[in-house]
Amino acid sequence: MTVFDLALRSLRHRTGGFVASFLSMFLGAIVIMSFAAMFDTAGGAGVDAVSEETLITMASVVGGWGLVIVLFAVISTMTLSVRQRAGEMALLKSVGATPFQVGRMIVGETLVVAVAASLLALPLAAGGGWFLLEMLQETGQVADGVGYAFGSAALSIGIGVTLLASVGGAAVAARRAVRMRATEAMTAASIETGRMSRKRVIAAIVFLAAGLNCGILTATLFDGKGIDAMQTAGQASIWFSIGLALLGPVLVRPVTAALAGPLRLVGGAGGYLAVENVRRRTQQMAGALMPIILFTGIATGTLYMQSIENGAPPAAGSSIPPDEAQAIETLNFVVVGMLSVFAAIMVINTLVAATTYRRREFGQQRLVGSTPPQVLGMVGMEGVVLAAAGVLFGSIGSIVTVFPYSLARTGELLPDTTLAIYLGIVSVAATLTLASCLGAARKAIRVPAVQAVAV
Amino acid sequence: MAGQDITRAGEALRLVQVSKTYGSGDHPVRALDDVSVSLAAGTFTAIMGPSGSGKSTFLQCAAGLDQPTEGRVFIDGAELTGGSETKVTKFRRQRIGFIFQQFNLLPTLTVLQNVTLPLRLAGKKADRKRAIEILGRVGLRERIDHRPAELSGGQQQRVAIARALVTNPSVIFADEPTGALDSRSARNVLALLAEAVHEFGQTVVMVTHDPVAASYADSVIFLADGRLAGSLDRPTAEAVAERMTHLGDQVAPYAAVGE
Ligand SMILES: Nc1ncnc2c1ncn2[C@@H]1O[C@H](COP(=O)(O)OP(=O)(O)OP(=O)(O)O)[C@@H](O)[C@H]1O
Ligand SMILES: [Mg+2]
């Protein structure tokens, strides 16, 4: 039996484990292809210069951000699913599979999933691109006569990027899994050190610095330049949030420490277990924390930036005419809408996958004497820690956009806008987190405990 | 205190016409078929039988880990069957300890935390002193801060025994507790179970495939094809082995037909 057979078999037997990766590739492919279709559309006959420029900006700016997020999403779901299978990898290695074979199996599995995801995404992406063009024409940003095209650019960029991001993500995840020695991997399946790799720390610092840099540029270089400041302000919270998300394992600790006392007091045995779990599983927690931070940070940053803009006086120094400002507003909402939907699905995916994977652990707890409400209580309190940490650091991530932009546009550090948007974002983040954890846990404990432990 | 002595002086476990059928489709499996058993408190009983004869099912139904399809189960005279999972769990953690072949320790908790967990879950004080004393009894006083993954199989099983003992249950069930251990660790585990019976008056019901392990028990109950197939008092390893070979004859009549 070749390694590829093994990959196919494993795909067939654990379809559930690939749902998260599949969904992020699938959605990613739809987003990237829809926007890449704007390149095809711009290249059509009889497209005027203004329409062409709008289309190309749309495709490169939004599509570019889509690419970053998809890459991120795929890497994080793949890392999660590979880590969940550390035991299986260890078993394969202990029966003689070489690290190369194990790595090839993981990459092979991912490739199969990615091809399926991009092909299935095709019809939806074609529709998505058409909808995008409709919207641009309706808001008068692209001439009505421009005909829709979905062609070589959409296909090559869409499928190419999805496959590359997936295989890249799998390779990163696989490298980590196979570098462990067999016996080491066996123990790592049950305990983890909670330390972060140096590369991860460096990457986090680079992202944080980029975000901070954008924030500083916004407040200094673009002060008094009006809406031009969005060029740097918009990116600031994205970079900074990614940096914070990468630091997840470190960030989750102080939040746990702060909440440990109250949780134990209110939560009884469930609270006690929740605190122990979060402490000992910082890596897994960090995986779930990532999309919550990104969602909160990017949505808060971008929506407040637009809200500040809408309330600010027109600036003399702006190079952008007022009618183009409306196009930028559309662009902002499209970006936020896209990223939010993506992040929301990531939150659900990651948490459902991580919680479902704990079926055996829940079974063990029930055998020791946890009642179903106690298991759910524990999961709920872990969700509270996650939501609190995610919202806290997401909010910090948004600051590098909101404060500098407010300073640049109004001269005040604190924006004079409604708090309702923020409260809305926080409630969505908290609800998504808790509902995903609890929903998956409820389903996981429907299986009799003895059977849950046996598999 | 006196009350506890009285219940322990009587009957610890009673199964009344218990049956268990798995699956309801075209091929339901009747894993337990009309089994009635009564065990006195303070006894050590081994359950034996061929693979697939329903031993684990028997133990799980008796311990409230699974609901029988028909019949009733009593522990210390109180009925265990018929409640919701929450109700059965609360009952279980007061009176029943369970030891698994695969230990089932929680990997994120230390040895001591694993042992005190049943107390915490029951909303009691996590009695550190008692837990450490019991860990001392199973010879692991020095390892209380280790995680399960850092212990050998035999040591993990001793942690599991300490965890089962910590709530002072009246009945302890063990499903092949020595199945994953070498013979030295196995003897150690069996001695601990025997001690629970003879020194602390608890009742132990243990499934095993090993005639030597069964010889630690006061009596052996045999199962075949989900039904009771006799018993043996004050078993020796030789007598048990002898009975097991005949049990094989009984449940495999096709071999005779084919001759
Ligand atoms: N969850 C289940 N679903 C369907 N059938 C089951 C299930 N659990 C057990 N069985 C069946 O019930 C019968 C009894 O199983 P049980 O596990 O009780 O046997 P056992 O005596 O413990 O065997 P072993 O010595 O191999 O552990 C077997 O035929 C088994 O296939
Ligand atoms: Mg069994």
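Every residue gets a Cβ built from N, Cα and C, even glycine.
Quick look at what TrEMBL lists:
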{"type": "DOMAIN", "residues": "A:66-180", "note": "domain 'ABC3 transporter permease C-terminal'"}
{"type": "DOMAIN", "residues": "A:334-446", "note": "domain 'ABC3 transporter permease C-terminal'"}
{"type": "TRANSMEM", "residues": "A:18-39", "note": "transmembrane segment"}
{"type": "TRANSMEM", "residues": "A:59-82", "note": "transmembrane segment"}
{"type": "TRANSMEM", "residues": "A:111-133", "note": "transmembrane segment"}
{"type": "TRANSMEM", "residues": "A:153-174", "note": "transmembrane segment"}
{"type": "TRANSMEM", "residues": "A:201-222", "note": "transmembrane segment"}
{"type": "TRANSMEM", "residues": "A:234-252", "note": "transmembrane segment"}
{"type": "TRANSMEM", "residues": "A:286-305", "note": "transmembrane segment"}
{"type": "TRANSMEM", "residues": "A:331-354", "note": "transmembrane segment"}
{"type": "TRANSMEM", "residues": "A:375-399", "note": "transmembrane segment"}
{"type": "TRANSMEM", "residues": "A:419-441", "note": "transmembrane segment"}
Quiz item: For the transmembrane segment (A:201-222), which recorded stretch in the set A:59-82, A:153-174, A:234-252 gives the largest number of Cβ pairs separated by under 8 Å?
Solution: A:234-252
Exercise. Answer with yes or no whether the transmembrane segment (A:59-82) touches the transmembrane segment (A:286-305) by the criterion of at least three Cβ pairs under 8 A, sequence separation 6 or more.
Key: yes
Quiz item: Which listed stretch (A:18-39, A:59-82, A:111-133, A:234-252) has the most C-beta pairs under 8 A with the transmembrane segment (A:153-174)?
Solution: A:59-82
Self-check item: Composition by DSSP (helix, strand, coil) of residues within the domain 'ABC3 transporter permease C-terminal' (A:66-180)
Solution: 96 helix, 0 strand, 19 coil
Quiz item: In the same chain, who gets a Cβ under 8 Å from the transmembrane segment (A:18-39) while lying at least 6 residues past its ends?
Solution: 11, 55-56, 58-59, 62-63, 66-67, 69-70, 73-74, 77-78, 80-81, 109-110, 113-114, 116-118, 120-122, 124-126, 128-133, 148-151, 153-155, 157-159, 161-162, 165-166, 338, 341-342, 345-346, 349-350, 352-353
Quiz item: According to DSSP, how is the domain 'ABC3 transporter permease C-terminal' (A:334-446) divided among helix, strand and coil residues?
Solution: 97 helix, 0 strand, 16 coil
Quiz prompt | Across the domain 'ABC3 transporter permease C-terminal' (A:66-180), average pLDDT on the 0 to 100 scale | solution = 82
